[in-house]
């Protein structure tokens, strides 16, 4: 413990694995390794294919590249502590290192939410205003959107580590997961955390909450446009371009909303449920997104097959 008057700050936190299954951690690490490997290889392949295929140099695939980079970052943020705990039972993480990991996990989560919103806007423009789509979403516009997304995440979350650092901690130092999460750290403090709770809720609602609302609104407008199309084939073709994105939205937002609700209102929820939802939120989307887009996107699939054939 570091002591300064009445201010107590732990030198480190202790991370937890899967409660009740600690003896099985080496075996449990096998599916986690498979998910991490899928996330790393899958997203790298997506980036490689888009970069090497000139026909994919358009807004939809630029946003997909942003999503792949974000998923790579999320996987790399949690991989060292998760596999370190499962393989070597390394539970200790320094206080400042924990805050840094937490900051990047939340930034990347907010960036992923914003990228999904940008992809929804791209689908709306492509379906509702196909002739104006190239003029609206130019390369410069896409770059500006990407920079705005990153800056919004960084600035909105910048106060969080400092708000946690000002708190006094005493008693428990055990985190609920094998990574650092803002509500988890905050609940270990023995000081007044009303400011942290209020600011965290405001940031969550003004970023991820607004992103989700605008994504839903975009699809309402897309459905209105699709319904007005003359033939059934045109309707199905238009909707088929959105299937991958809808799956990515559901895979990301459902566990994220569930985890936020558990941390704020689910005091009686079993620890195992909390842990499984957390892992689903941070590990499943980076692993599934490249698989979803490789299966559902004809252009990605064809470019991947061409690359494999050239290598052979």
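Even glycines carry a Cβ here, placed using N, Cα and C.
Taken from TrEMBL, the feature domain 'G-protein coupled receptors family 1 profile' applies to 42-293. Positions annotated as transmembrane segment by TrEMBL: 24-50, 62-88, 100-121, 142-164, 197-222, 243-264, 276-295.
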The domain 'G-protein coupled receptors family 1 profile' (42-293) [mean pLDDT, rounded to integer]: 91
Contact between the transmembrane segment (243-264) and the transmembrane segment (142-164) (at least 3 Cβ pairs under 8 Å, separation 6+): no
Any contact, the transmembrane segment (100-121) to the transmembrane segment (24-50), with at least 3 Cβ pairs under 8 A: no
Stretch with greatest number of CB pairs under 8 Å, the transmembrane segment (142-164) reference, 24-50, 62-88, 197-222 candidates: 197-222
Residues from the same chain, set at least six apart from the ends of the transmembrane segment (24-50), whose C-beta lies under 8 A from its own: 17-18, 56-57, 61-62, 64-65, 68-69, 71-72, 75-76, 79, 82-83, 85-87, 89, 279, 283-284, 286-287, 289-291, 293-294, 300, 303-304, 307
